[in-house]
Amino acid sequence: MQYPVDTHTHTVASTHAYSTIHDYLAVAKQKGIRLFATTDHGPAMADAPHFWHFVNLRVLPRMVDGVGILRGIEANIKNREGEIDYFGDYLSQLDIVLAGFHEPVFPPSDKATHTEAMINAIKSGKVDIITHPGNPAYPIDIEAVVTAAAEYGVALEINNSSFEVSRKGSEANCTAIAKAAKELGATLVMGSDSHVAFSLGGFDRALSIIEAVDYPKDKLLNRSPMALLNFLAQRGHKSVADLMPLFSDDIA
């Protein structure tokens with residue numbers, strides 16, 4: 001089964017990625033992806049796009065040839081306080097805000113620091129999805145993080161790229177996160193973390209973990225465009241109202 005939604009992609013605007021929006025649209029059409037988010041790295045990363053890149057995402061059309069586009073960011077969690085590198089009214093102009101740890105911005109420290117930073121980001125109300133929380137370079141108190149995510153309505157990502165090209169050794173942590181999410185009622189989403197369009201919608205490894213713990217697939221945000229759009233609307237993203245009529249025939 002091809003899940004029709006991908007929340008985590010990078011374009012050539014992040015210079016260690018290799019595809020354009022046009023490339024992603026073409027692959028989405030081929031694979032049956034109905035909605036994807038463009039989420040380039042936040043400005044604190046060395047090769048990230050300029051701040052204006054995110055401001056000007058408003059020029060992107062809502063839908064091209066039947067494929068919807070969400071305007072987003074993968075922000076960086078910068079410190080123990082859980083602050084991210086995108087702020088103010090600009091956040092409200094985006095459809096979706098991802099955030100996670102990246103070594104060039106927040107070097108690995110210790111379990112207590114990572115846990116506090118992640119929970120503070122969750123509590124901030126600014127972040128919709130925590131990216132690659134299973135990264136073994138950043139050990140966390142999984143139960144504490146998942147509990148906070150469930151309480152504050154923030155989704156946790158099972159990152160497919162973590163099992164293929166980055167963050168080697170993530171399997172055990174991701175399995176524990178998925179299991180805790182099932183037990184504590186937290187929302188999960190699979191992210192391809194594509195840095196080239198060919199991997200858009202690639203969830204095989206992430207899905208194997210979801211299935212191994214028997215996480216309810218009717219709670220996965222990837223299950224339909226409306227499932228994700230409803231989630232984002234509930235989190236205060238008024239801008240997604242523009243997209244909802246385009247998926248009016250969709251079952252959440």
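Each Cβ is built from the backbone N, Cα and C atoms, and glycine gets one as well.
The Zn(2+) 1 binding site annotation in Swiss-Prot covers His8, His10, Glu74, Asp193 and rests on sequence analysis. Classification of His8 (Zn(2+) 1 binding site) by DSSP places it in coil, neither helical nor stranded. All protein chains shown were included, and the count of other CB atoms within 10 Å of the CB of His8 (Zn(2+) 1 binding site) stands at 27.
A simple way to gauge crowding: the CB of His195 (Zn(2+) 2 binding site) has 19 other CB atoms within 10 angstroms, across all the protein chains here. Positions annotated as Zn(2+) 2 binding site by Swiss-Prot: His16, His41, His195.
What Swiss-Prot records for Glu74, His102, His132 is Zn(2+) 3 binding site. His102 (Zn(2+) 3 binding site) counts 24 other C-beta atoms within 10 Å of its own C-beta, drawing on all protein chains shown.
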Rounded to the nearest Å - Cα separation of His41 (Zn(2+) 2 binding site) and His132 (Zn(2+) 3 binding site): 14
Alpha-carbon spacing, Glu74 (Zn(2+) 1 binding site) to His102 (Zn(2+) 3 binding site), which is rounded to whole Å: 10
Binding-site residues: His10, His16, His41 - member with fewest neighbouring CB atoms within 10 Å: His16
